[in-house]
Amino acid sequence: MRAQPPASHYLDGAYVEDETGDAFESVYPATGEVLASLHVATPALIERAVAAAKRGQEQWAAISGAERSRVLRRAAELMRERNEELSQLETLDTGKAIQETRVADAASGADALEYFAALAADRRGAHIDLPNGFAYTRWEPLGICAGIGAWNYPIQIAAWKSAPALACGNAMIFKPSDVTPLSALKLAEIYTEAGLPAGAFNVLQGKGPLGAALSSHPAIAKVSVTGSVGTGAKVMGTASTTTKHVTLELGGKSPILVFADADLDAAVSGAILGNFYSTGQICSNGTRVFVERSVRAAFIDKLCRRAAAIRLGNPLDSETHLGPLVSKAQYDKVLAYMRVGQEEGATLACGGGPATVTGFEDGWFVEPTVFTDVVDTMTIAREEIFGPVMCVMEFDGEEEVIARANATEFGLAAGIYTRDLSRAHRLAARVEAGTVWVNAYNLTPVEMPFGGVKRSGIGRENGREALEHYSQVKSVYVATGPEDAPY
Ligand SMILES: NC(=O)c1ccc[n+]([C@@H]2O[C@H](COP(=O)([O-])OP(=O)(O)OC[C@H]3O[C@@H](n4cnc5c(N)ncnc54)[C@H](O)[C@@H]3O)[C@@H](O)[C@H]2O)c1
């Protein structure tokens with residue numbers, strides 16, 4: 001199985017290769033087969049990308065908002081037309097089941113392009129009346145922005161970052177994760193075909209050191225990273241050396257609160273989607289499921305019956321629910337957490353180990369896993385696992401559960417299942433999270449801002465709020481009368 005792109009990088013409107021950069025490979029997680037061989041960007045290539053982005057940004061920012069909107073809309077159309085091709089590529093690169101990638105990856109990226117296309121044409125400042133004149137504000141682009149992606153939603157992340165950046169008149173240099181390097185190149189092709197000026201969107205391949213080089217480059221004004229809390233902290237440190245703007249979309253250990261009055265079937269669906277979708281590799285997953293004591297047994301019974309029906313299999317088969325984990329490293333990490341959970345005394349209600357899929361014996365498949373009798377201090381209840389591993393805990397009453405839900409360094413998301421809407425709103429205000437779902441979980445429409453509090457991040461993607469993270473306001477004071485000098 002091959003998915004070799006014409007070259008490793010895309011800059012200044014074309015594919016570019018530089019074989020002097022270290023070689024690395026992208027593999028299909030279901031079989032371990034090599035999909036593509038690529039090279040890491042060299043320092044010379046980084047400089048070429050920065051020079052191209054500077055030219056591209058000047059040209060792009062000089063055209064009208066309405067024109068920028070047309071280009072982004074055309075790119076969204078192309079993404080939708082190519083959804084099947086892009087979904088297959090994403091499934092090969094990530095191992096995620098095609099039934100997911102068809103609806104949640106390029107399609108979600110196209111939503112972002114469309115949404116920010118609409119806003120591109122409507123960027124306007126304020127008029128402020130003053131005693132001796134007036135002031136007005138101008139929203140201006142930042143310049144060159146760097147985007148750094150994680151491997152779980154490669155093309156979606158590239159689109160969620162580049163769409164608001166481009167809408168505001170910036171250029172972007174995007175670095176996908178080296179684990180999933182392929183689909184961002186396809187997005188670059190689409191932008192060029194849609195009429196984006198050369199250099200306004202570039203893709204450089206590489207690992208941590210390339211991310212660090214972009215985060216410290218003096219000509220780059222902003223860096224937006226999606227990744228782990230540790231990486232976010234490093235990026236913030238590096239970016240501080242040149243006082244860059246940062247957006248950090250980081251990890252989580254989010255709570256789902258299930259009250260006794262909830263629709264239990266809906267709560268079980270939320271817990272399943274919020275733990276097993278994308279084989280559990282989602283930042284906002286609700287991996288700590290707190291269930292009110294009186295419904296605990298019924299909840300676990302329904303949950304395990306539903307989990308047992310999850311189909312692991314060929315990721316390219318439309319009937320498959322779950323594919324493998326993305327890499328051997330992630331497979332080893334998730335299995336280690338499954339062992340630690342048992343060693344620390346949690347009860348294994350279902351799953352708990354590697355899974356064998358006929359015809360894909362070399363794939364990195366693991367069983368959807370539910371631990372019960374989990375105590376808040378256990379490792380599996382505190383650390384982000386990033387695999388299909390759910391912890392179920394019981395609670396008695398609102399005060400107890402909100403304190404326990406908030407007792408974490410993370411603050412990405414939370415879910416509340418109850419029929420008592422006063423309680424839902426009361427707790428939505430008290431839970432420390434960037435996004436709260438009431439009687440739903442893990443839905444991220446582009447119209448709604450998304451991001452974390454506490455160590456889960458800074459800044460927001462999506463929604464109108466994202467534009468403020470890709471532009472800066474300039475105040476212009478205009479005097480309409482004489483100014484008295486005090487001396
Ligand atoms: N909040 C969100 O929106 C969101 C979305 C998806 C994933 N995530 C998080 O991402 C993590 C999983 O993805 P991952 O394993 O690819 O994360 P990671 O932190 O290992 O890597 C993320 C990206 O940062 C780059 N990087 C690594 N070191 C760097 C450095 N020193 N400077 C600059 N860049 C550097 C990597 O090459 C990669 O492109 C999880 O913690 C998950 O919660 C968050």
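A Cβ is built for glycine as well, from the same backbone N, Cα and C atoms used for every other residue.
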Cross-ref TrEMBL: NAD(+) site GLY149, ALA150, TRP151, GLY251, CYS283; candidate in list GLU47, GLU383, GLU384, GLU394 matching that site is GLU384
Measure from the Cα of LYS161 (active site, charge relay system) to the Cα of every one of the recorded positions ALA150, GLU249, GLY251, CYS283, GLU461, then give the nearest. GLU461
The rounded CA-CA distance in Å from GLY251 (NAD(+) binding site) to GLY457 (K(+) 2 binding site) is 8
Nearest of the recorded positions (GLU249, GLY457, GLU461) to GLY149 (NAD(+) binding site) - Cα to Cα: GLU249
Out of the recorded positions I have (ALA150, TRP151, GLU249, GLY251, CYS283, LYS454), which ones have their Cβ sitting under 6 Å from ligand 1? ALA150, TRP151, GLU249, GLY251, CYS283
What kind of secondary structure is GLU384 (NAD(+) binding site) part of, going by DSSP in three states? coil
All-chain count of other Cβ atoms within 10 Å of LYS161 (active site, charge relay system): 27
Secondary structure at LYS161 (active site, charge relay system), reduced by DSSP to three states: helix
